[in-house]
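K.L.:
In case it helps, TrEMBL gives these features for our protein:
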TRANSMEM  6-23  transmembrane segment
DOMAIN    30-210  domain 'CAAX prenyl protease 1 N-terminal'
TRANSMEM  155-175  transmembrane segment
TRANSMEM  181-203  transmembrane segment
BINDING   His284, His288, Glu362  Zn(2+) binding site
ACT_SITE  Glu285  active site
TRANSMEM  294-312  transmembrane segment
TRANSMEM  332-357  transmembrane segment
ACT_SITE  Asp366  active site, proton donor
Amino acid sequence: MALPYLEAVLCFMILMYIFETYLDIRQHGALKLPTLPKPLVGVISDEKFKCSRDYSLDKSYFHFVHEAVTILMDTTILYYKVLPWFWKRSAELVTKVGLNAENEIIHTLAFLAGFMVWSQIIDLPFSLYSTFVIEARHGFNKQTIWLFIRDMVKGILLSMILGPPIVAAIIYIVQIGGPYLAIYLWGFMFVLALLMMTIYPIVIAPLFNKFTPLPEGVLREKIEKLAASLKFPLKKLFVVDGSTRSSHSNAYMYGFFKNKRIVLYDTLIQQCSNEDEIVSVIAHELGHWKLNHTVYSFIAVQLLMFLQFGGYTLVRNSKDLFESFGFEDQPIIIGLIIFQHTIIPLQQLLSFCLNLVSRAFEFQADAFAKNLGYAPQLRAALVKLQEENLSAMNTDPWYSAYHYSHPPLVERLQALEDPDSKKED
C-alpha cells in the first residue's frame, strides 16, 4: 500500500495557506489604521500617509484574490493528477513531431514548454491588473502595453535559450550521479549561480533597461570619494532608467573581486533632495560589502541548497512517492517538483530564518552608514523613499517578522537615533 504522500503535501499546502492568510488578515487590519505610528507623526505628511494607505490596501485586496486563486489551482492540479496526465500528453506531442519520447531530456523539455505556456496564460491577467490598474492608479506604472509585451516576449525567449541546456545538464547529472549526486548537483548549481551573477548585469539586464555612466559632477565625486575611503574597488558607476517602467526607486552593487560596479535608479536621484542623501544610501550598501553580508548570504543559500539536494537523493527512487502523485514511472524533473512540494514546511521555516538574518544585516548596514557620519542624511533618505514608494506605514509585527527581509521604517529610524542600539559588528 502506497503511503499517502499526496494527501500529506495537500494538507501542508492548505495549512500554510490558512496560516499565511491569517497573517495577511492581521496586516490588512494594520493597513486600515487611520493614523500614523507615533514615531512617524510629523515625519510623514498626512497626504503621503493617505496615499500610502490607499496603495497598500489596494495591493492587499489584490493579494487575497491572487493567493486564493493560486492555492485553488495548485491543489486542483495535484489532487486530480493533472501533472501525470500532462506528462503523458507531452510524450504524445514529442512522438507526433517525430522525436523520441524515450529520450528523457526531450520529453522533459516538451513538458516544461507546455507548463511555461500554461503558467504565462494563468499569470497574465494578474500581471496586467497589477501593472496597469493598481500601479497605474497610484502613479507608479510608466510602462506602455507594448513595452510590457516586449518585456514578456524577451523573458520567454531568454527562457527558451537558457532553459534547455540547464535542464539537460541537471537530468544528465542525476542519471550519472550515483552516490555523489548531491555533490554533483550542488557543484553544478554553484557554478551556474556564479555564471548568472556575472552575465546577468552585463548581458541580460541591458536587454530590459538602459545603463549609462553617472555624469560628472558633485554626486559622482562624493560617491567615488566614499568608495575610495573604504577601499571599495569601484570600477563603474551607472544610472539605470528604471523610470521607463516604474516610479519605484533603488540602488545596488555587483561584481566580483576588484571589479565592482554601483547602479543608481534614476528615480532615486529624482526623489532625493540632495546628493548627501543619495550618498548615505550608497554608504548603507557599502556597509553590506564591508561587513561581508553578501558573502555570508551566498554561503547560507549554498548550504541550504546542498542540504536540499541531499534530501532529494534520499527520496528520488521512492516508487511509492511517485505513485502517490499518479506517476507510473519516475521522471527526474517530476521527482524534483514533487520533492519541492514535500518540503514546503521546512522551506517556510528556512525562509523565516533567512529573513531574521537579513533584517539584522540591514540594521548593521544602517549602523555602518551612521558611523561614517551619514545618520541624518540616511534618516531623511529612508523617509523620502518610504513616502515616494508609498510603502506601508503601519505593519503588523507578526506579519513583518514572517515576511519582511528589511525592518519597518519605524524600527530603522529608532535604531539610527539610539546611540546604543543595533550597532554594527
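Cβ coordinates come from backbone N, Cα and C, glycine included.
Those TrEMBL annotations? Automatic predictions, nothing curated.
The shown structure was predicted, so the numbers you read here are calculated from the model rather than taken from an experiment.
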K.L.:
Within the same chain, where does the transmembrane segment (6-23) have neighbours whose Cβ lies under 8 angstroms from its own Cβ atoms, ignoring anything closer than 6 residues to its ends? I mean 6 or more beyond.
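P.N.:
Residues packing against the transmembrane segment (6-23) from afar: 64, 67, 71, 74-75, 78-79, 324-326, 338, 341-342, 344-345, 348, 396, 398-399, 402-403.
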K.L.:
Restricting attention to the domain 'CAAX prenyl protease 1 N-terminal' (30-210), give the mean pLDDT.
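P.N.:
Taking every residue of the domain 'CAAX prenyl protease 1 N-terminal' (30-210) together, the mean pLDDT is 91.
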K.L.:
Where the distance is taken from Cα to Cα, which of the recorded positions His284, Glu285, His288 turns out closest to Asp366 (active site, proton donor)?
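P.N.:
It is His284, whose Cα lies nearest.
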K.L.:
For each of Glu285, Glu362, Asp366, count the other CB atoms within 10 A of its CB; which of these recorded positions has the top count?
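P.N.:
Going through Glu285, Glu362, Asp366 one by one, the largest Cβ count within 10 Å is at Asp366.
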K.L.:
Let me spell it out: take the transmembrane segment (294-312), skip the flanking residues so only those 6+ beyond its ends count, and list any with a Cβ under 8 Å from a Cβ in it.
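P.N.:
Apart from its flanks, the transmembrane segment (294-312) reaches 181-182, 185-186, 189-190, 193, 288, 335-336, 339, 343, 350, 354, 357-358, 361.
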K.L.:
Which residues does His288 (Zn(2+) binding site) neighbour through Cβ under 8 Å, counting only same-chain ones at least six apart?
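P.N.:
Listed in sequence order, they are Thr294, Phe361, Ala365.
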K.L.:
Cα distance, the residue listed as 'active site' to Glu362 (Zn(2+) binding site), nearest Å?
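P.N.:
It is 9 Å, counting Cα to Cα.
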